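Participant: Following this message is one structure expressed as structure tokens.
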Amino acid sequence: MAEGLLQVDVASLVEDVLQQHGKRLSDIDLASRKAEEASSRRCEAAGWLRKMVGVVVGKDLPDQPSEEEFRLGLRSGIILCNALNKVQPGAVTKVVEAPSDAVIVPDGAALSAYQYFENIRNFLDSVGGMGIPVFEASDLEQGGKSCRIVNCVLALKSYNDWKEGGGRGVWKFSGTSKPPSIAKQFVRKNSELFMNSLSRNSSINEKFSDSLSSEQNSCSDLGQHISETGISHSLHILVRELLSDKKQEDIPMVVENMLSKVMEEFELRLARQNDQVRQTLRDMGIPSSNKHEEIEIANIVQEKSWSENGFYDGKSKGDALNHQGLVEHQQKSIQALKNTLHSTKEDVQMICMKYQEEINNLGKHLNGLVSAASGYQKVLEENRKLYNQVQDLKGNIRVYCRIRPFLPGQPSGSSIVEVIDEKTLTVLTPSKHGKGKKSFTFNRVFGPSANQEEVFSDTQPLIRSVLDGYNVCIFAYGQTGSGKTHTMTGPRELTKESIGVNYRALSDLFLISEQRKDSISYDVSVQMIEIYNEQSGVNVPSANLVPVTSTTEVLNLMNIGMKNRVVGSTAMNDRSSRSHSCLTVHVQGRDLSSGSVLRGCMHLVDLAGSERADKTEAVGERLKEAQHINRSLSALGDVISSLAQKNSHVPYRNSKLTQLLQDSLGGQAKTLMFIHISPEPNALGETISTLKFAERVSTVELGAARANKESVDVRELKEQIASLKAALMRKERGESGIQQSRSISPDEVLATSLGSSPSHSSWQSLGDTSKVEGRSNPLTISRVQSFDNQDFMDSPPWPALSSPGSMDEEKCISGDWVDKVIVKKQGGLSGDSNLGKWDEDGGQSPEMFYQKYNLENSKVYPVQSLNQLSDHRRFGLDHGLGRTQCEARANDEPDDLEAETSDCSEIDYQWQLSVPRSNCIPNGVTSKVGRVSPKPIKSPETRSLIPQPRRVVNGMRSPLHKYGRQPASTDGKRKPGGLK
Ligand SMILES: Nc1ncnc2c1ncn2[C@@H]1O[C@H](COP(=O)(O)OP(=O)(O)OP(=O)(O)O)[C@@H](O)[C@H]1O
């Protein structure tokens, strides 16, 4: 803005001046200008003459004479003649001198007109001859034209100058103009400043001066010059107009006048601009502290303006102005910087705002992401829950795999098992098994470094389930020495850290029951059962079902049980478990507010080690043990296979083990199998066999787990029904019937009729049911026989089955378990020879019971209703009708034992056993009637010694199993001792 104000266009300025003053310029008083010029010329001429003739001769002529003085001084002609003689010696041979000082004429007049005339004439003649313009003698008189005298003198002077300059060329007087001196003189007089600018502007000054001094200094020339300097066309026209009617000799004065006006205008504009600049500076906030500074700023502005217009390059103003210019420039720079700063600040603020906005948006976005992430976590958790629920609903057996570490003292070698992630492992297989890696996936894989706590942590939820009324089964499977006992119980020396699943589970159980005591009252009882050589027994003497109230009590019992467990030394494990050990925990909870009852049970099973007979180097008793162990494990494989194939018939009954686990393998239980593998290369076959078996197990669907819970109302109604049915049954038998051996509570009837687990039945039958349920039942009926652990203990050797054709057809009963039981009991009570034995021990001989019951059921249950039956019923049917060729063959071929044992040498021996045999019909139920072998079934299990049931003492049965009372025989089958 300031710069714009400072810019001055000279051309437009002159143009403006001419437009404003052009007309008036013609009115300028040329006379005065002329007089002035004449005076100047006169003085010049006088000065030159005095110089030429000297002070003495020229005493009559003042230095700056008036016209009169000039004329009088030269009137005698003496000065002129002397001057001429100086220029041209001898030009006037005789100069009439003035009289002596005594004869001085007061008015300066010549002594005589003649004498004067003589001198003047000689002079004029001489100069005339020299080509110098002359004057009239009368011009020296008053009224004469002194200007002609001046012209003559100046011409002579010019001649003299030419001559003194060497007289080169031809001297030629150029007239009245006195180019440089005149121009200089009058310009300097008006404006030195402007002249300076002109002198610096060569394009204007030189040409302008030249034009003034030139003989062709016509208006057109001047106009041409002006035009050539780039002045606008309108200016050119104006100048031409202005000068066109002027005499040549007037032009300098006109121009001077015009320029003086231009200067005035110029200075006026500069003043205005200075004001504007000051105002601008004030507006810009730059204080001008004093007048001096203002002037300097104005000068700088002016200088800049001139400089920009080409008049002035700043040098002549000196360093001060330069300094001021620098200061001003710096101030301007500062201001510019301030402006930049300001705009930058605004920009920064803008950016900050945008940044803030973006931050806010980002924050919102992040919040969204955080909530999405937490939502995602929730969804993940939910998914996990749902997954478990789905698993529960599907009822899959969960399979966890644990890899034992190399043991101290073992030859160190590289492990054949590699944990890939928490669900996957690979086994390195040498060429024999197809070189490479076989990978297996389970619900969890625990590497060799996993400790007891980690292993248990994934088991914990199941403990809670027991208290919620579910049946739970946790069993450990694996090759001898692979770590089953370590997982379930712990190492030989137990510490808080090393205790196994059993102890931890019970500890949790009591902890949770304690936490819930305000709402639910729990009763817990435990039982330790051992299956040794397909014979079962209790490990805890004096009682097979012991109420417990704390972990310590359980630990004491378990210690006793563990001491009584059959262990022996094999080539693979110097402390090998030679039996299947099952710790069963029964829980009954009563909701204190609603009165509803929950029942749950948990089997904690430590299976005997699977092993190849040849590997264990077993002979004698140890070989027999191995055969039994493998047989029962093979039976387990068969059961698993049947379940995996969803066969309607599942051969639980083929071994005590599968009978024991029946409610957990096929019922509505939550089942977890820990499989154990060893890392040694020489265990590869067993390892792969175990893994394949486990893989297969993991596909088994058990059906949705269901809590054993019932409300008080429903329960009361069911009790009534059960009572009525029991009464009806008694009535049907007649009052004269056989004395009932034992009273049965409606609960017992209900328990079976509702399909609760055999364990529950067992518990109820062994305990004081009226106490458990908090009510007494006056009804006395025959003991309900369920297939439970007690049955294992009580079961005598299996008698030969009659052919189905020999079975008595009995009436079909509607399918209720109670009915079934009743019918069974009826059969049992209607004159069976074994009855006395049963009664004697407070119940029917299981052997007889099974036989009778099965036969009866084969007639009672229509084939099409089988699938709707509970497991108990199915078991009943399996037992009676379900003796398919498969089972029959299994039972009919005791020699298979050897074959099965030898099968163990094959990697997939379980699968060989589990694959349905060719003559097995999947649906054994439908096919069994016509195919049941008439051959009496030989059951290896039943050949074993089965302990006799004992009477109930104080609500508990007396110790039954011989192994419960005495340690293993000296052959190492049983060893007393503490915990392993
Ligand atoms: N995870 C483990 N960490 C440390 N030692 C272990 C582990 N698993 C097993 N062992 C040790 O290996 C040996 C054999 O283990 P264990 O007796 O538990 O095997 P097992 O499968 O029960 O054998 P068997 O079937 O012959 O009874 C024991 O000395 C045991 O302490």
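From the backbone N, Cα and C atoms, a Cβ is placed for every residue, glycine too.
TrEMBL feature annotations, pasted as is:
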DOMAIN    39-161  domain 'Calponin-homology (CH)'
DOMAIN    396-700  domain 'Kinesin motor'
BINDING   GLY478, GLN479, THR480, GLY481, SER482, GLY483, LYS484, THR485  ATP binding site
REGION    732-809  region 'Disordered'
COMPBIAS  753-768  compositional bias 'Polar residues'
COMPBIAS  777-789  compositional bias 'Polar residues'
REGION    922-980  region 'Disordered'
Participant: For a quick check of packing: other C-beta atoms within 10 Å of the C-beta of GLY481 (ATP binding site), how many?
Facilitator: 26
Participant: Can you list which of these binding-site residues (GLN479, THR480, SER482, THR485) have a Cβ closer than 6 Å to ligand 1?
Facilitator: THR480, SER482, THR485
Participant: My understanding is the cutoff is Cβ-Cβ under 8 Å with a sequence separation of 6 or more in the same chain; which residues meet that for GLY483 (ATP binding site)?
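Facilitator: Sequence-distant Cβ neighbours: ARG402, ARG404, HIS676, SER678.
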Participant: Tell me, what is the mean pLDDT of the domain 'Kinesin motor' (396-700)?
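Facilitator: The average pLDDT of the model in the domain 'Kinesin motor' (396-700) works out to 81.
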Participant: Taking the Cβ of SER482 (ATP binding site) as reference, which residues of that chain separated by at least 6 in sequence fall under 8 Å from it?
Facilitator: ARG404, GLY609, HIS676, ILE677, SER678, ALA683, GLU686, THR690
Participant: Can you tell me whether DSSP puts GLY481 (ATP binding site) in helix, strand or coil?
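Facilitator: In the DSSP reduction, GLY481 (ATP binding site) maps to coil.
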Participant: Quick one: DSSP breakdown of the domain 'Calponin-homology (CH)' (39-161) into helix, strand and coil?
Facilitator: 80 helix, 0 strand, 43 coil
Participant: What's the number of neighbouring CB atoms sitting within 10 A of the CB on THR485 (ATP binding site)?
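Facilitator: Other Cβ atoms found within 10 Å: 28.
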Participant: Which number gives the other C-beta atoms within 10 angstroms of the C-beta of LYS484 (ATP binding site), all protein chains shown included?
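Facilitator: There are 29 of them.
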Participant: Specify the count of other C-beta atoms within 10 Å of the C-beta of GLN479 (ATP binding site).
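Facilitator: There are 26 of them.
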Participant: What is the number of other Cβ atoms found within 10 Å of the Cβ of GLY478 (ATP binding site)?
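Facilitator: Total other Cβ atoms inside 10 Å, all chains included: 27.
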